[in-house]
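Since the structure comes first, as structure tokens, the remarks are kept for the end.
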Amino acid sequence: MDQKQIEEIVRSVMASMGQDVPQPVAPSTQAGAKPQCAAPTVTESCALDLGSAEAKAWIGVENPHRADVLTELRRSTAARVCTGRAGPRPRTQALLRFLADHSRSKDTVLKEVPEEWVKAQGLLEVRSEISDKNLYLTRPDMGRRLSPEAIDALKSQCVMNPDVQVVVSDGLSTDAITANYEEILPPLLAGLKQAGLNVGTPFFVRYGRVKIEDQIGEILGAKVVILLVGERPGLGQSESLSCYAVYSPRVATTVEADRTCISNIHQGGTPPVEAAAVIVDLAKRMLEQKASGINMTR
């Protein structure tokens, strides 16, 4: 699927929902326009917030021959470029930012989604067989199965045999859920209903792994299961969400190749609203083709 197809899908789904189509961000230098002046090299400072946009745009190369080239390179990527060196070593600010980003990524793995937040969203909360974060990190197999209490809750409180079942799980990034939830779930549910699909009761799974959607789909009899789960964070990016969609999942027979994945959902990657529109179109195609993953015709 190329960019034009994605834009057409987003435009169609958003129009059917009666919402404005998000406009693409204008490039920094348009044809015929004068390029912006290069930003000066920022002096190292202990007072600088290492998580700020200013710190991310910092250029540590002293006395560059072409400062404008470095500025344009820095704008074009989130990679750690143009940080300069102090002899054979990284400069102090570059090292401190690396450590700060690593700490932020570690924090989002270890943090918990607050129970108050889940209640505020009006979501039913269930758990996998995991009881705490440490066990979640060391026993991924237990995160693939629902607890007995969760199974009973789903059978008693959720819509059975839906066309599409949407599930939210913390995964390996708490920030991915709390930061993107309001911009992806409401338009996703609205788009699915607008498409005339029977949507199940959305709920939150604490300590869930991707394969837990197979058991959920089997219990509820869902034709398509959509799991929104926090991705393993990278350095400096702790808010990335993934969508794993699967058709008619079964615990015993569904394999990873049966899933269709849309990753890198966040404001710096695929915008959540745009991702919601693409997921709606994906669910419709899965129901039409009665397949998912590598079994779908392109």
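Glycine is treated like the rest: Cβ placed from N, Cα and C.
The annotation adenosylcob(III)alamin binding site is assigned in Swiss-Prot to V210, E231, C261 on the grounds of sequence analysis.
Positions of the features from Swiss-Prot, shown on the structure.
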residue	record	Cβ contacts under 8 Å, 6 or more apart
V210	adenosylcob(III)alamin binding site	R144, G171, L227, V229, Y244, R259
E231	adenosylcob(III)alamin binding site	G171, L172, S173, A176, S240, L241, S242, S263, N264
C261	adenosylcob(III)alamin binding site	S242, C243, Y244, A245
For C261 (adenosylcob(III)alamin binding site), the three-state class that DSSP assigns:
strand
Cβ within 8 Å of the mean position of the Cβ atoms of V210, E231, C261: remaining residues of the chain near adenosylcob(III)alamin:
G171, L227, V229, S242, C243, Y244, S263
In Å, how long is the longest CA to CA span across V210, E231, C261, which the record gives as the adenosylcob(III)alamin binders?
12
Which of the three DSSP-derived classes (helix, strand, coil) applies to E231 (adenosylcob(III)alamin binding site)?
coil
